[in-house]
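What follows is a short report on a single structure.
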């Protein structure tokens, strides 16, 4: 059986004898033969070359690292080397074998000499176990077999699924808290004093929402919207935002403990990635010299400037979305459809959110190319360094792609648009959009809901359907050709390897960033779940349900639809941990700003404790927020409209010269800010500083209180060190010296 175990399969088109491609292919295979590789050729519609490494290569690996994986024994692995390590070593040698023309496999694939190179999905016991118990939809709620995943796909993939499982488990608690917050908001749906005042304000005439064709309107028209706003924007949201800041820290601290336990069981706690990479290089080429560490300030500055340029471009796209919403609002208000006219703002926000999702999809591809180009400029020393550099850049670009528009809605929308009679305009024509009269937080809620629902549903459907359809098409494309070959060359069809190699070739291709893509998707989702969660308490619930399916979607892709991923050794999730910690800090800042600036929480509290009947008249028989809405409106004289504003016809019962109202804190005579505005501004600033300092202090206390490494793991490592030193000493004791 061992003779038919192949480490890798190379696939090539059938080239003409004596052609340049055929010569290059032969030279590469000759180099492998010189290194002692066994090569088997099978011809079908393509040429398949099975390669198997000689045993001395794996003995070198064991001798160099002096830590054979004693804990991970696999029946398919001769001499105690796990299959995953075998594949990793062979992959490194294949990628770094140089032909006499100084070309590597990567160059030959670019020149179409080879089409593909992949390790095989074998019919091993572990594979069948994963296929039957993990990579199935019926196993959605079952525990993940992390040890089996590690045996088949290696430590890096196993750690990804361990992290994703742990994140999803703790997300359940955040989802529960979010649902409680949302339900608490629903109970306030009709009982909120603020929304009740809006619903009863049927004599409060408001300024038109656009320049042409927009009438004066009655504040009570926004009754339902006001109820929805105060369902999201209430005291429970503040508590939930603080809870999520603490949750983000506790999640990471508990993950560090979980990771320490897992890698100690795998005997990888003290594993050194650099030592592993050097060992691989020496096994491939004994003359290899390590590439020294280098740093160029000029190069770093140049790359930094290009990154800043890209960020400016991404912010520019967010501005383009703002301009779209401004123009869309103007067009919708002039529409012939009454519903579209009345809901112009909401329609502009919703279509803007869909357009934002489309820009996210497009810019994700652009960001990837730019990040790879910048990584090439940096000339990283090793693949691990390249991966770290790429991760930081792509996450930065993706963050601005996903969040620029949300940041604008949360913190700028309705605050830089001027006032009636003096609006800020784009190109001197279209006035900047305003928040809904009930507040800006509902606009943020709609944007978050649309993006999260679209991103998670469409992305997951595409993530599953594209490889599934691609796999089915490849199989259908191959079958008729394979049958004709079988009729013509029956003896070749009998080769037991041919069927297996063809079956693996028909699967979808994987690349070095396949796992990276899964991590990036989850980290962006984590950002949505934490950074603006104060505006969308249901974000953790959506993420929780998404992740339950994501785990098994990824499992099905890896086991059933994709070629076998090249295993990689790892003892943590790498740079992603620092990215997650940075998101945790951004979450504190983001939620603090949402409550202080976007929400009406602070203005209501200032009114309650400074201007309400409870304070002014010392009354205890009324709700302290009584009169808040009237207090938050400012007066505008119709004669002060800008010349090119079409003043709409009056409603009956109202005189043309009467004053109308708008949401702001301005004086009636000269439209300057009132004292109340500065009181609220100071309160917002004080709350922001207090919230962020308290939240960050709680995060630091939580990080200190929960040790990164459990005591059991520390004691286990201590005992191992003691035993190793004790054994070393025993060998040099006088009674053991002849």
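From the backbone N, Cα and C atoms, a Cβ is placed for every residue, glycine too.
Please treat TrEMBL annotations as automatic predictions, because they have not gone through curation.
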- Task: Among 216-235, 236-255, 256-275, indicate the range for which TrEMBL gives the feature transmembrane segment.
- Result: 236-255
- Task: Could you check which of 302-327, 432-457, 458-483, 484-509 is flagged in TrEMBL as transmembrane segment?
- Result: 302-327
- Message: Checking feature assignment: transmembrane segment per TrEMBL, candidates 655-680, 681-706. Which range matches?
- Response: 681-706
- Per TrEMBL, the range holding transmembrane segment, considering 347-366, 367-386, 607-626, 627-646: 347-366
- Note on the structure: Of 570-597, 710-737, the range TrEMBL tags as transmembrane segment is 570-597
- Query: How does the domain 'Anoctamin dimerisation' (77-146) divide up by DSSP, counting helix, then strand, then coil residues?
  - Reply: 36 helix, 3 strand, 31 coil
- Item | Among 236-255, 570-597, 681-706, stretch most in contact with the transmembrane segment (166-189) (C-beta, under 8 angstroms) | 236-255
- Query: Taking a Cβ cut-off under 8 Å, which residues six or more beyond the ends of the transmembrane segment (681-706) line up next to it in the same chain?
  - Reply: 241-242, 245-246, 248-250, 253-254, 257, 584-585, 588-589, 591-593, 595-597, 602, 605-606
- Message: Is the transmembrane segment (390-413) in contact with the transmembrane segment (236-255), using at least 3 Cβ pairs under 8 Å (sequence separation of 6 or more) as the test?
- Response: no
- Message: With a cut-off of 8 Å between Cβ atoms, can you find at least three pairs linking the transmembrane segment (302-327) to the transmembrane segment (523-549)? Only pairs 6 or more residues apart in sequence count.
- Response: no
- Sequence-distant contacts of the transmembrane segment (390-413), meaning Cβ under 8 Å and at least 6 residues beyond its ends, amount to 307, 310-311, 314-315, 317-318, 321-322, 349, 352, 356, 359-360, 363-364, 367-368, 370-372, 374-375, 433-435, 440, 443-444, 447-448, 451, 516, 520, 523-524, 527-528, 531-532, 535, 574-576, 579, 590, 593-594, 597-598
